[in-house]
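Novice: The structure is given below, and queries will be raised subsequently.
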Amino acid sequence: MPHPRQDETHMTTELPWRRILLKLSGEALTGNAGFGIDAEVTGRIADEIGDVVARGGQVGVVVGGGNFVRGSQIAASGLDRVSGDHMGMLATVMNALALSAALAVRDVPSRVLSALAVPAVCETFTQRAALASFEAGQVVLFAGGTGNPYFTTDTGAVLRAVEMGCDVVMKGTQVDGVYSADPKTDPSATRYDHLTHREVLANGLSVMDATAIALARDNRIPVIVFSIGEPGEFVAVASGNGRATLVTVDDAPAA
Ligand SMILES: Nc1ncnc2c1ncn2[C@@H]1O[C@H](COP(=O)(O)OP(=O)(O)O)[C@@H](O)[C@H]1O
Ligand SMILES: O=c1ccn([C@@H]2O[C@H](COP(=O)(O)OP(=O)(O)O)[C@@H](O)[C@H]2O)c(=O)[nH]1
């Protein structure tokens with residue numbers, strides 16, 4: 001991992017990454033119920049985000065919506081996919097509002113910007129507004145994924161990371177890294193410390209969707225996969241430690 005650095009404003013940060021895009025799965029906000037939003041769990045994540053900000057990090061968050069609804073599940077039940085995806089994107093808005101509220105009670109300033117316009121509830125995403133928020137020291141909560149059906153919040157996370165000039169995407173998910181197979185279904189799966197985007201794609205390692213990984217590869221954005229369910233792990237990973245898989249660009253010519 002890179003060493004601590006100075007940013008353009010010469011503000012020293014003790015973190016190896018200056019601007020971080022944290023992708024949180026919707027499930028990250030659920031407690032034992034396995035559905036919806038658990039205040040305690042959401043508060044613990046807000047604490048960790050506040051901790052990273054206090055250490056000099058700029059944090060943008062893309063939240064998923066899978067704790068409420070996924071468009072593919074709606075489609076599987078025989079309903080219209082696009083309506084399902086709209087419902088999924090609205091679920092991400094709910095999660096972003098919950099996280100914003102949890103940050104507010106901890107005096108961590110944040111701003112919710114949604115790619116799907118819901119003007120009575122939050123502001124609509126523009127690159128300019130988001131960059132201004134980063135510069136003002138706010139945590140930027142990107143809701144609504146990409147704003148388009150048939151996409152995922154993983155792709156939304158990489159897209160925002162590219163647009164915002166983030167140094168890294170950190171995917172906080174249910175497992176502690178990328179494995180040779182899905183560890184939830186294959187107990188013999190082995191974990192990688194380091195992979196390239198090309199290896200993730202070539203081996204069909206589906207911890208993140210292929211569109212998202214390809215976009216990260218094409219824009220040379222490293223991706224770190226870690227367990228958000230493990231208390232303290234976001235702070236550890238953002239500090240260059242922790243248990244995670246680091247996915248970086250392979251500069252070798254294609255075979
Ligand atoms: N090769 C793999 N390595 C790690 N996890 C994998 C792999 N293949 C599938 N998975 C599964 O992918 C899940 C994360 O993907 P996804 O459900 O899209 O996450 P999220 O909801 O966090 O966006 C993990 O919980 C894990 O069960
Ligand atoms: O750009 C996007 C991002 C998300 N979604 C919808 O929102 C749901 C929730 O997002 P995701 O499944 O990525 O959430 P996560 O698994 O991270 O909780 C998806 O299933 C899609 O239905 C969408 O249509 N476009």
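These residue numbers are counts, starting from 1, taken along the chain as shown.
Glycine too: its Cβ is placed from the backbone N, Cα and C atoms.
Those TrEMBL annotations? Automatic predictions, nothing curated.
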Novice: Can you check which of 13-18, 31-36, 61-66, 241-246 TrEMBL lists as region 'Involved in allosteric activation by GTP'?
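Specialist: My reading of TrEMBL: the region 'Involved in allosteric activation by GTP' range is 31-36.
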Novice: Look at the UMP binding annotation in TrEMBL, where Gly65, Thr146, Gly147, Asn148, Pro149, Tyr150, Phe151, Thr152, Thr153 are given, and name the residue from Asp47, Asp80, Asp85, Asp167 listed for that site too.
Specialist: Asp85
Novice: Any idea what the Cα distance is from Tyr150 (UMP binding site) over to Lys23 (ATP binding site), rounded to a whole Å?
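Specialist: One finds 18 Å between the Cα atoms of these residues.
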Novice: Reported as an integer number of Å, what is the Cα distance between Thr146 (UMP binding site) and Lys23 (ATP binding site)?
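Specialist: If we compare the Cα positions of Thr146 (UMP binding site) and Lys23 (ATP binding site), the gap is 13 Å.
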Novice: Could you check which of the binding-site residues Ser25, Gly65, Gly66, Thr152 have their CB within less than 6 A of ligand 1?
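Specialist: Checking each Cβ against ligand 1, the ones under 6 Å are Ser25, Gly66.
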Novice: When the Cβ positions of the binding-site residues Lys23, Thr173, Tyr179 are compared with the atoms of ligand 2, which fall under 6 Å?
Specialist: none
Novice: For the binding-site residues listed here (Gly65, Thr146, Asn148, Tyr179), tell me which residue's CB has the most neighbouring CB atoms inside 10 Å.
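Specialist: Counting every other Cβ within 10 Å of each candidate, the maximum falls on Gly65.
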Novice: Using C-alpha atoms only, work out the spacing between Gly65 (UMP binding site) and Thr173 (ATP binding site) and round it to an integer in Å.
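Specialist: Taking the Cα atoms only, Gly65 (UMP binding site) lies 13 Å from Thr173 (ATP binding site).
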